[in-house]
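Peer 1: One structure, as C-alpha coordinates, below. Some questions next.
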Amino acid sequence: MSGRAKQGGKARAKAKSRSFRAGLQFPVGRVHRLLRQGNYAERIGAGTPVYLAAVLEYLTAEILELAGNAARDNKKTRIIPRHLQLAIRNDEELNKLLGRVTIAQGGVLPNIQAVLLPKKTESHHKSQTK
(Lines of atoms letter the chains of each structure in order from A and count residues from 1; the text may use other names and numbers.)
(Lines give C-alpha, C1' and ligand atoms only; values in the text may rest on other atoms or scores of the structure.)
Protein backbone atom coordinates (compact mmCIF):
# COMPACT_ATOMS: atom_id res chain seq x y z
CA MET A 1 0.00 0.00 0.00
CA SER A 2 1.15 3.48 -0.72
CA GLY A 3 0.12 4.79 2.68
CA ARG A 4 -1.74 7.59 1.04
CA ALA A 5 -5.31 8.13 2.29
CA LYS A 6 -8.16 8.57 -0.12
CA GLN A 7 -9.25 12.12 -0.61
CA GLY A 8 -12.91 11.25 -0.07
CA GLY A 9 -15.78 10.06 -2.20
CA LYS A 10 -17.62 11.97 -4.87
CA ALA A 11 -19.04 15.28 -3.80
CA ARG A 12 -22.80 15.48 -3.97
CA ALA A 13 -23.91 17.15 -7.20
CA LYS A 14 -25.86 20.38 -6.98
CA ALA A 15 -29.60 19.69 -7.06
CA LYS A 16 -31.35 20.38 -10.36
CA SER A 17 -35.05 21.09 -10.34
CA ARG A 18 -37.34 19.22 -12.70
CA SER A 19 -38.23 22.57 -14.28
CA PHE A 20 -34.54 23.16 -15.04
CA ARG A 21 -34.15 19.66 -16.49
CA ALA A 22 -37.18 20.19 -18.72
CA GLY A 23 -36.09 23.71 -19.71
CA LEU A 24 -39.25 25.29 -18.32
CA GLN A 25 -40.02 28.35 -16.24
CA PHE A 26 -43.22 26.92 -14.75
CA PRO A 27 -42.76 24.81 -11.58
CA VAL A 28 -42.97 21.10 -12.44
CA GLY A 29 -42.76 20.08 -8.77
CA ARG A 30 -45.66 22.32 -7.79
CA VAL A 31 -47.79 21.07 -10.69
CA HIS A 32 -47.04 17.49 -9.58
CA ARG A 33 -48.02 18.29 -5.99
CA LEU A 34 -51.28 19.92 -7.14
CA LEU A 35 -52.11 16.94 -9.35
CA ARG A 36 -51.57 14.57 -6.42
CA GLN A 37 -53.60 16.70 -3.99
CA GLY A 38 -56.43 17.21 -6.47
CA ASN A 39 -57.45 13.53 -6.52
CA TYR A 40 -57.59 13.50 -10.32
CA ALA A 41 -56.21 9.95 -10.40
CA GLU A 42 -54.83 7.41 -7.97
CA ARG A 43 -51.40 7.59 -9.60
CA ILE A 44 -49.63 10.39 -11.49
CA GLY A 45 -46.86 9.50 -13.95
CA ALA A 46 -43.50 11.26 -13.86
CA GLY A 47 -43.98 12.86 -17.30
CA THR A 48 -47.47 14.18 -16.60
CA PRO A 49 -46.53 17.29 -14.58
CA VAL A 50 -43.74 18.12 -17.05
CA TYR A 51 -46.15 18.01 -19.99
CA LEU A 52 -48.85 19.98 -18.17
CA ALA A 53 -46.36 22.64 -17.03
CA ALA A 54 -45.09 22.95 -20.62
CA VAL A 55 -48.64 23.40 -21.96
CA LEU A 56 -49.44 26.03 -19.32
CA GLU A 57 -46.19 27.87 -20.05
CA TYR A 58 -46.87 27.86 -23.80
CA LEU A 59 -50.42 29.20 -23.40
CA THR A 60 -49.24 31.90 -21.00
CA ALA A 61 -46.45 32.97 -23.35
CA GLU A 62 -48.86 33.09 -26.30
CA ILE A 63 -51.40 35.24 -24.44
CA LEU A 64 -48.73 37.56 -23.04
CA GLU A 65 -47.17 38.07 -26.46
CA LEU A 66 -50.50 39.02 -28.03
CA ALA A 67 -51.39 41.22 -25.04
CA GLY A 68 -48.00 42.95 -25.32
CA ASN A 69 -48.71 43.66 -28.97
CA ALA A 70 -52.11 45.10 -28.02
CA ALA A 71 -50.47 47.29 -25.36
CA ARG A 72 -47.89 48.52 -27.86
CA ASP A 73 -50.65 49.30 -30.39
CA ASN A 74 -52.26 51.49 -27.71
CA LYS A 75 -48.89 53.17 -27.00
CA LYS A 76 -48.68 51.68 -23.49
CA THR A 77 -45.81 49.90 -21.78
CA ARG A 78 -47.88 48.07 -19.15
CA ILE A 79 -50.29 45.24 -19.93
CA ILE A 80 -53.71 45.80 -18.38
CA PRO A 81 -56.79 43.51 -18.41
CA ARG A 82 -58.13 45.38 -21.45
CA HIS A 83 -55.08 44.30 -23.45
CA LEU A 84 -55.61 40.68 -22.38
CA GLN A 85 -59.24 40.89 -23.48
CA LEU A 86 -58.32 42.35 -26.87
CA ALA A 87 -55.60 39.73 -27.38
CA ILE A 88 -57.83 36.77 -26.56
CA ARG A 89 -60.96 37.92 -28.41
CA ASN A 90 -59.07 38.86 -31.59
CA ASP A 91 -57.37 35.45 -31.78
CA GLU A 92 -59.68 32.77 -33.17
CA GLU A 93 -58.20 29.78 -31.32
CA LEU A 94 -57.75 31.52 -27.96
CA ASN A 95 -61.28 32.93 -28.22
CA LYS A 96 -62.62 29.42 -28.77
CA LEU A 97 -60.60 28.06 -25.82
CA LEU A 98 -61.55 30.92 -23.47
CA GLY A 99 -64.98 31.69 -24.94
CA ARG A 100 -66.87 31.43 -21.65
CA VAL A 101 -64.22 33.22 -19.59
CA THR A 102 -64.99 36.69 -18.27
CA ILE A 103 -61.99 38.97 -17.80
CA ALA A 104 -62.56 41.56 -15.07
CA GLN A 105 -62.06 45.13 -16.32
CA GLY A 106 -61.65 43.74 -19.85
CA GLY A 107 -64.39 45.71 -21.56
CA VAL A 108 -65.88 44.61 -24.89
CA LEU A 109 -64.59 44.47 -28.43
CA PRO A 110 -65.44 47.51 -30.52
CA ASN A 111 -68.07 46.42 -33.03
CA ILE A 112 -70.45 48.52 -35.12
CA GLN A 113 -73.17 46.70 -37.04
CA ALA A 114 -72.96 47.22 -40.80
CA VAL A 115 -76.55 48.51 -41.05
CA LEU A 116 -75.72 51.35 -38.65
CA LEU A 117 -72.83 52.66 -40.75
CA PRO A 118 -73.56 55.64 -43.05
CA LYS A 119 -74.66 54.69 -46.54
CA LYS A 120 -72.26 55.22 -49.42
CA THR A 121 -73.67 57.86 -51.76
CA GLU A 122 -74.30 57.00 -55.40
CA SER A 123 -73.96 60.61 -56.62
CA HIS A 124 -70.16 60.42 -56.69
CA HIS A 125 -70.30 57.20 -58.69
CA LYS A 126 -72.87 58.59 -61.22
CA SER A 127 -70.88 61.74 -61.92
CA GLN A 128 -67.85 59.68 -62.96
CA THR A 129 -69.81 57.55 -65.45
CA LYS A 130 -71.12 60.57 -67.49
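Cβ atoms here come from the backbone N, Cα and C positions, even for glycine.
Since we're looking at a predicted model, the values are computed, not measured.
Taken from Swiss-Prot, the feature citrulline covers ARG4, and the record attributes it to similarity to another entry. What Swiss-Prot lists as N6-acetyllysine is LYS6 (among others), and the listing cites similarity to another entry. According to Swiss-Prot, the feature N6-(2-hydroxyisobutyryl)lysine maps to LYS75, LYS76, LYS96 (among others). What Swiss-Prot records for LYS96, LYS120, LYS126 (among others) is N6-glutaryllysine. If you look up Swiss-Prot, you'll see LYS119, LYS120, LYS126 marked as N6-crotonyllysine, on the strength of similarity to another entry. Residues or ranges marked as phosphothreonine by Swiss-Prot: THR121.
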Peer 1: Whole-number Å only: compute the distance from the Cα of LYS96 (N6-(2-hydroxyisobutyryl)lysine) to the Cα of LYS120 (N6-crotonyllysine).
Peer 2: 34
Peer 1: Hey, of the modified residues listed (LYS76, LYS119, LYS120), which one tops the CB count within 10 A?
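Peer 2: The most densely surrounded of these modified residues is LYS76.
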Peer 1: So for LYS96 (N6-(2-hydroxyisobutyryl)lysine), how many other CB atoms are inside 10 Å of its CB?
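Peer 2: A count of 8.
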Peer 1: Which three-state DSSP class does LYS120 (N6-crotonyllysine) fall into?
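Peer 2: Coil, per DSSP.
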Peer 1: At the level of the C-alpha atoms, what whole-angstrom distance separates LYS119 (N6-crotonyllysine) and LYS76 (N6-(2-hydroxyisobutyryl)lysine)?
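Peer 2: Distance between the two Cα atoms comes out at 35 Å.
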Peer 1: At the Cα level, what's the spacing in Å between LYS75 (N6-(2-hydroxyisobutyryl)lysine) and LYS120 (N6-crotonyllysine), rounded?
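Peer 2: About 32 Å separate the Cα atoms of these two residues.
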Peer 1: Which whole-number value in Å describes the distance between the Cα atoms of LYS76 (N6-(2-hydroxyisobutyryl)lysine) and LYS120 (N6-crotonyllysine)?
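Peer 2: The Cα atom of LYS76 (N6-(2-hydroxyisobutyryl)lysine) is 35 Å away from the Cα atom of LYS120 (N6-crotonyllysine).
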